[in-house]
Each structure stands twice: as structure tokens, then as C-alpha cells.
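> Checked TrEMBL, it gives:
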- B:43-120: domain 'NADH:ubiquinone oxidoreductase chain 4 N-terminal' (DOMAIN)
- B:131-426: domain 'NADH:quinone oxidoreductase/Mrp antiporter transmembrane' (DOMAIN)
- B:6-24: transmembrane segment (TRANSMEM)
- B:83-103: transmembrane segment (TRANSMEM)
- B:110-128: transmembrane segment (TRANSMEM)
- B:166-186: transmembrane segment (TRANSMEM)
- B:206-230: transmembrane segment (TRANSMEM)
- B:242-260: transmembrane segment (TRANSMEM)
- B:272-293: transmembrane segment (TRANSMEM)
- B:300-322: transmembrane segment (TRANSMEM)
- B:342-360: transmembrane segment (TRANSMEM)
- B:381-410: transmembrane segment (TRANSMEM)
- B:416-437: transmembrane segment (TRANSMEM)
- B:458-477: transmembrane segment (TRANSMEM)
Amino acid sequence: MEQIYLIIALAPLVGAIFAGFFGSLLGRMATNVVTILGVLISTVLSMYVFNYHVLEGGDAFNENIYTWMQIGNLNISVGFLIDNLTAVMLVIVSFVSLMVHIYTIGYMHDDPDYTKFFSYISLFTFSMFILVMSNNFMQLFFGWEAVGLVSYLLIGFWHHKESAVEANFKAFLVNRVGDFGFLLGIALVLMYFGSLDYAEVFASLNNVTGVTMLDGASVITVICILLFIGAMGKSAQVPLHVWLPGSMEGPTPISALIHAATMVTAGIFMVSRMSPMFELSETALIVVMVVGAITALFMGLLGIVQNDIKKVVAYSTLSQLGYMTVALGVSAYSAAIFHLMTHAFFKALLFLAAGSVIVALHHQQDIRKMGGLRKKMPITYWTALIGTLALIGFPGFAGFYSKDMIIEAVHFSSLPFADWVYVAVIAGVFITAFYSLRMFFLVFHGESRMDEHTSSHVKESSMSITLPLIALAIPSLAIGYFTIDPMLFNGWLDDAITVAANHTSMASLKQEFHGAGSMIPHALQTLPFWMMVGGIASAWVLTLYRTQWATWIQKKFHRTNYVLESLYGFDRFNDIVFVKGVKSLGNFLWKVSDSGLIDKMVVNGSARFVGFIGSVVRPIQTGYVYHYAFFMIVSLLIILTWVLFAGERPLLEL
Amino acid sequence: MDNSLLSLLIWLPIFAGIFVILIGNERAITARWISVATSILVFIISLSLYTEFDSNTHLMQFEEKTSWISQFNVYYHLGVDGISMPLIILTTFSTILVIIAGWEVIQTRPAHYMAAFLMMEGLIIGVFSSLDAILFYAFWEASLIPMLLIIGVWGGDNRVYAAIKFFLYTFLGSVFMLVSLIYMYNKGGSFSILAMHDLSLTATEQAWIFWAFFVAFAVKVPMFPVHTWLPDAHVQAPTGGSVILAAIMLKMGGYGFFRFSLPITPDASYEFSEVVIILSLIAIVYIGFVALVQRDMKKLIAYSSISHMGFVTLGVFALFLAYKPGAAEAALLGLEGAMVQMISHGFISAAMFLVVGVLYDRLHSREISTYGGVINSMPKFTGFAVLFAMANAGLPGTSGFVGEFMVILSAVQANIWYGVLAGSTLIVGAAYTLWMVKRVFWGAITNPDVETLSDLNAREFSILAVLAIAVVAMGLYPQPVIDVMHVTIEHLLNQALTSKL
């Protein structure tokens, strides 16, 4: 098996290296073949691995590939841990990546840096594999930063756009803030567990439980919160979410792959991987849950006022990541992973559908200038409809099962604040349905608001774009129904995830669960369903039925509208406090302290002091013998006088 | 003397340098070829230090010893261990790069330029391999001369100021070192460095000697607050000078802490370790902020060097607090991390200065604002520049990560707040490096001159490619580097933890 795992990880790397170094030499066709073949190999083998581990119950694989560093008894290696959790992630990542690779052929058709783009997305796939396959914290951090690097390169892919290079810089820095916490967490893991290997760390959890640091803080809690700060960066949780909307500056395929389906879920994956540790800290779980709830609700609200098609989907991604984080907080790790999976499919689908629209409209992204695309782009329309229904949790669709499970898990949670969080996630359902359908109606229904020229040229996108849409629509429709039972209640993830006995959310859910089919009729009697219906109806009224009402509401609630449109002021705050503040601090330290105080005063000052002494003494050094003779005589006189009359034992008494 | 490998490494480049001077500036092509051939030859010879190195012993290897000044018991005594051997190879490696880098750019006195670098190479190898304190001191001071000339002759507009500042600063530091070396000779009757390791010294003596050494090494590293010569020296130095200065000369300071401070004055090192740690943390954090607002690329990289070297001194002196009886790993992580950081910084700072050099050769400006959108005219070059920038920001998978990672892991165990402050480089380091990248390489072209830039030529490409391979290889597989130093560092740790009182 080890060879298979290695091939899964390395096949995209080979593709990336090939496309990166020789792509421009060998042309687009060769680049396509090599990179797509690489990812295809990974996808097929991932499915094989999934079958072996998850369906046939093969033993987890945990071995080191090579020793990265050995110091005394401390071994830091590069190695693979392949269990059911990894297997699920491998299938998601490789499948979405494959779809995005195919989609890119059409989407980036006219781009001069076509081969470079393929190189980057293959490199990303490799990095993501390394992240999910890791069996230790060092490699996890490597994958963590490597996906961040590729994200940086891809957000700034259209480097002539100032907004793109602003956004990628911001994305990297905000992620680094998260990574700062993450790295400290890793350092504390090493300090208290003496190892960076997952298995060894989890095996010695008992020795560290109850140990405190810094005047009484529980070590486990501190570690968990620091690790979670890393997750907040990567999975864009408030207040480290500010980079994700900006990341939409990148080409749409990567918004789908990196900033919706895979990389941003790395934080969710990581916390699930660390479930044995998080389960030991109630405090950390509460933090996770509350941060998730804030993100789920407040980021969703921002989706309502966005008019850029990609921004709407981006805020919806933030909100859904919030849902997953909430699930982690209430110890429903399997529900989080379940939602991660369904979300990967339907959100990738939505982004790619948005991309299809953007290409058809010659890079128009403003939904106010769209409308009536249903007839002209039927495949995009129907697949986007499936994606939207999955997102809002329409009964039967993939997102319905996963989101409902999260809401129910919160409902059963006994953590403090769980009631409030429950309100937030229920309200989130209405908001999700509202902004999703608002966008959907504005884009596909109603009157066309395009100019004549654009409107006459709109046509359905090419095969390489529609094919992935269809391929992603199928799981968006059906995967929830087929996998909810085994994934949540029948043991797919049981070995990989630890849930403490007193965290009973999932156990209670299990008792309530009577099959995927019966959830649909049952849903009709529940609040979330009617919240969703309300959301759809409101969206329909405001975008299609009575559009003037929307304008009226905007006027009436202009203050709220202002708060939402200024994105709660996070960007302004960061700009004033961090960007401007740090620059002034830097200038102060440089000009006042470094070159002023140290260099000018002390260093050059001492040089000047020496010069000054020199200038005082210099007049004496005239070079005339009679001057020197005069000084000698005077000096001799003084010394003689002193020796004769003063001193301890004067020779002559006065 | 059956083994004279080290002597060969020292004197071959020095005599080759003299020979190149004799060839003269008129026959520049011959001078260049002889220089590059010598530097490659020396590098190949130095590799046999690695291949024949026994990494299972901390004892000195490739030892040579003959009497030099018998009246004062001074010997010509050479030898290397796991600390000095990697630094010697780093020296021979970097010298090739600077000689090739100066190939076309240096048109005034090209032979003298090449000769200066060759002679400096020999002298610095002498510093790293001397086991006699007077010999060490002679090489230490002698190595200043070629660098002084390189800055003073081939430097920028304000080169004389920078050269004198550089010389006085470092010279002032080393005088104190000489005094303490002589003091120990008077006490122990020997100038042998290894004998000084075993010389018993009282707490007061150690304190005096520690600070004397400290001044010498801190200036060289350079540590806050005696760092202000470095930005000036870098800005004025020609590209090659900056490369050698950053990649190797700064390491002489770090090397001093390993070879002298810890083993000779272990108790004083322990007593004053927190002072050194705090100065290191100031270097990491404060200098990071200063780097952020620089407008001159070379100055920015110079400040970034100071910040990165802060990890070296932090890693070294965190050992006393990080060490726990029975579990030496944390302390070893710090010490070995410091070593790894020195080597890695050798690659990365060299690469960064070469990157600036490539731009400077074309537009004769180091100002960030001159550039913008360089990727449009120089895509290959930008690829390298971004890789090195990422390495400078400590991205995993590059050598820049390994040393910082190790030192942070160690610092956290010494004191969590040390780790927090040191870890802040993750943010600040990325900020100043990538902000520069953003303003120089990304974006649309604003200056029409940038449009006319030609991408890397074969010579520049190969230099940067070699460095890129080194940076990535060490990031992906640092174990070989750790292997050669591990036993030596363990021994050093023992010395540092064994009280002389």
C-alpha cells in the first residue's frame, strides 16, 4: 500500500514540475495531458484507497517515509497516516481537483499563462495531499503553509491587477497570523508531549491532562486554542476571515478548488484530526463553537448585500465554514466532515457555475447586470439550481442532510451557550436561502439587464466547463442521501475520531435517526425547513415580484445596510490599526531609535567625540621645537615644585 | 604532517589571489578564469572535508600543528569539527558564486576584485579552522582587510564612510577579545583554544572574558544595539561584497559564540544568557519593524539579516533555560537550530543580495519605488525571487524554515514568551519580505525602464538555480546537515552545562 499512497501524493507533483518547467516549451496539449493524468491517477487510487480502508475495513496505515530530522530521542519524520478520515479527504480533494483541472481547459483558454496555471493547481493538489496524509505536526505545518503559498500565487495570478496583488499579500499575512498561533501550539505539543507524531501525542494525552501552565491555564486548553487559531486563519473564521473575500480576485477555478472546496476546510480537517485532544478541553470546544456560530451568522448576513457573483458565493462559503466549525465545537466531528464533503461538491459546483456565467458574459461579475440567463445557458442553469438547493438544504439534496445534522447536533449539545448558537444556526438557514436565491433569481430569472452587445453573444459554455458542472451536480444531489448513515452513524469515521463519553450530541442524534429517507417527510415539520422556505419566498418577492420593496427596505434600514456594506468595519479597523499603525511604528523605530539614537548619537557621536578631543589637543601639536621645549620646561617646573613642596613627604618645608 | 588539507584550503586561494593580482587588470579575462577555476577547485577540495568527516566524534579532525612563535607558545594549529566544517564548505561554496556574479559587472580593476575575494576566502577558512587563539585572531583581523577594500574600492557613493564604519566597529570589538585571549594565556600558559576550554576560571574572570568576547562577536553577528554598521556596509558594498558579508562574515560572530563563549565561560554564559536572549529578541522583533519601512532593497535585506541572525544567538543562549536533566533535546534543538540557521541564512541572504544585484546591474537603482511589475519583463527571475523571498519568510520546504522552526521549538521550552516573540517573525518577516516582493515584482509596470529589462542570462540563471536547489534541498531534508554536527554539538552542550567553578 505504501507505494500507492506515495503515488497518490507524488503524481500531481510530477505534473506540476513538468508543467512548471517545461510547459511553455511543450505546449498546452502536453501540459493538459500530464497534469490531468497526474490528478486522474491520484483520483483513481484515492478511490481504491477509500474502498480498501472505508468499505473493506482495511487497517489504518501509519508509517514514516523518511527521517526529516533526528535529534537525540526526538524524531521528526515525513510520513503517512492513512485512516478513514484521510481516505474520505483524499477522495474529496482528488475528485474536485480533477474536475477543476478539466474545467480550467475551457476557463483559462485565452490566458497567456495557461501552463503556469496548471502547474500551480497541480502543486496545490500535491500540497493538500501532504496536509491530509500527514502523520505528524511538522508535516501538517508544511502542508498547511504550502497550500497557503499556492493560494498566494493563485490569488495574485493576474498580477497586473493591483487589487489581485493587494489581495494575495493580505491573504498570506492573515494566514500567517493564524500560523503564528498554530506554530506556538505545535511548539507546546513538543514541549509537553515530547513528540510531534500524532500517535505518540495521542497516546500520552493522559500524562498531560490536568497539567497547567502560566498560572493555572490548562495546557491542553492552551494548545487546542492555539491550534484552533491556525484553523481560524486557514478556514477563515472571524476575525481572521478578512482574506477570503479578497481571494476572489483569483481566477474562478481556484476559488472553487482552494477557496471553497479544499484548502479552507483544512482547519476543519485539522480539528477533527485532533479530536482526542479537543475532547479534553471544554473551554476550547466552547471557543470553537462560538467562533463558528459568529462566522456562520454574521458572514451569511454579508452575503445579502453583495452584488459581485463571486463575493456572494464567498460569503456563503464563510458562513458554511462557520457551520462546520460549530459542528466541531459540539463534538459532532463526523457531521463537520460530512458537511465538509457535501459542501466541497456543491460549493465547487456553484463556483464553477458562476465561472461559467462570468465567461459567457465576458468577465462581468455584477449580478445587477445579469438576469434571464436560464434559457441561454441551460446546463449552467440546471446545475446551478442543484448547487443552490444543496446549499440551502432543500430536503433530499446533499446539503440538507449535512446541515440538518449540524443543527440537530447543536440542539442536543449540553455546552454552555449552545442555545444561543442554536438560534444563530437556525437564523443562518433563512439567511442562506435568502442570499442564495436572491443571487440565483437575479442571474438566471427575470429580465435581462445586460447591454445589447453582451446579451447577443451569450451562449452556453464549452464541454470542458459543462462536463465538470454535471459531474459535480451528481454528488451535490445524491451524496447526502447515500452516505449519511455510514458516515455519521455506522462507523466510517469512528476509528479516526474520538468523542468523549459526556459529549452526547452524536449519540442522541443516532437514537433519533431512522434512515435518510424518513428525514425528508420529518423535515417538513421542523423549523429549519420553514426558515428555508421563508428565505426562498423573501428572495423571490424582493428580486422578482416586487423589486421596489427591496429599495424601500434598503432606505428604511440604511444604518443596518451601511454596517453590512462596510463589512462590519473589519477592513477599516485592520487598515488603521495594523497597516498604518505598524508602518508608523516601523518608521518611528527606524528614524528615531535606530538611525537617530543609536547611529547618529551613539555611534557617530562617539566618532565626533573623538574628533572633538582631537580638535582640542591638535593646536598643541604645532611641530615647532621651541613650543615643545617651552612645554617641557614648564612641565618640569610644575613637577619639581610639586615634588619639592607638596606631595606626601616634601623635601623642603615651607 | 601527513594531512594538510586545511592548509591547502587556506593558502591555495590566498596564493591564487596574489597570482591574480600579478596577472593584472589588463588581462581581465585570464584573471577571471583563473579565479573561477581556483574557487571551484577549492570548493571540490573542501567537499572532501565532508566526505571524509567522521561524524561520530567531537574531536578535532584534519588536525595540523607546527610551532609558529615558539617564545610565546604560539602554534600553527588547525582542525575542524562538526561546527566549523559546514561553515568552511559554506565559505567555499559562496566564493564561487560571488566570483561568477562579479564576472561582467566589475569593470574597474577586475583582477584585484577577484583577488580580494580569493584571499578573503582563504582567511575566513583560516578563522573557522584555527585552533590556536593567536592564529585565530590573526585570521580574524586579516579577513577585515579584503572586505574593507571591497567596500572602499568597488562600493557606492558613500563607500568610504561605510568602509571606515565597518572597519572601526568590528576592529573595536575584536580588541577586547585579544585582551582576554592574552589574559588566558598568562593564566594557562597556552594559546590553544582547546586548552582554554579546560582552563578553570573564577566567576569574575568569566564575566570579564564573557563580555569581552561578547562585544567582539555581537558586533560581527551583528546584534542589537551594535548593528548599525551593517545596513551602511551592505548598501555601499558591491553585490559580491554584500553576499560574502551576509553569508559568511556574520557567521564568524555566531561561530565565536560556539567556539569561545560557551565552552570557555560556561558559567558567565549561563548567568548572562537572559541578557543575550533579550537582545536577540529585540533584534528579531524591533529590527523586523525597521525592515518593514525600508525603501532601499539592500537596506531591507540587511535589516532582515540582523533579524534572522537574532535566531542564531537566541538558539545558542536559550539552551540554559531549555535544558532539562535527562532530556537534552530542547537545548540541542536550539543549538543545532542556530547552526542550521547560520547555514541557511548563508544561502538565503546570498540569494537575496544576488537578486537585488541582478536588478541593480540593469537599472542602477536599489530603491523599491523604481521598480514594480518586474514579472512582466523578467518572469524567470521573478520565479527565483519569489522562491527566495518565501525562504526568507521561513516557508516550510525551504531551508529558512528549518532553523527558525528548531529555534522557536527550543525557545518555547525555555520560556513561552520567548517563543511568542520569536514566533512573531512569522508575521513580521512575511510582511516585510512579501511587501517588497509585491512592490517590486507584482503589479503593472509603472516605470517605462522596467519594460526594457531583459530576463536572466545563463550566468545569472545558473547561480540562482544552484542556490535554489540548495535552499529547497536543505528544507526538505535537513538531516544530513544535522548528522555532521550532532555529536559535536552534544559535546558542546556538555561543556556549556559543566560549571567551571
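Cβ atoms here come from the backbone N, Cα and C positions, even for glycine.
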> Averaged over the whole of the domain 'NADH:ubiquinone oxidoreductase chain 4 N-terminal' (B:43-120), what is the pLDDT?
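Looking only at the domain 'NADH:ubiquinone oxidoreductase chain 4 N-terminal' (B:43-120), pLDDT averages out to 90.
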> Which residues of the chain, 6 or more past the ends of the transmembrane segment (B:416-437), have a CB below 8 A from one of its CBs?
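Residues 277, 281, 284-285, 288-289, 291-292, 294, 297, 300, 303-304, 307, 310-311, 314, 318, 368, 385-386, 389-390, 392-394, 404, 407-408.
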> For the transmembrane segment (B:300-322), which recorded stretch in the set B:6-24, B:83-103, B:110-128, B:342-360 gives the largest number of Cβ pairs separated by under 8 Å?
B:342-360
> Under 8 angstroms, Cβ to Cβ: which one of B:83-103, B:110-128, B:166-186, B:342-360, B:381-410 has the largest number of such pairs with the transmembrane segment (B:242-260)?
B:342-360
> If we skip the immediate neighbours and take only residues 6+ beyond the ends of the transmembrane segment (B:381-410), which ones have a Cβ under 8 Å from one of its Cβ atoms?
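Same-chain residues near the transmembrane segment (B:381-410) but 6 or more away: 301, 304, 308, 311-312, 314-315, 318-319, 322, 330-331, 333-334, 336-345, 347-348, 351-352, 355, 358, 374-375, 419, 422-423, 425-426, 429-430, 433-434, 436-437, 440-441, 455-456, 460, 464-465, 467-468, 470-472, 474-476, 478.
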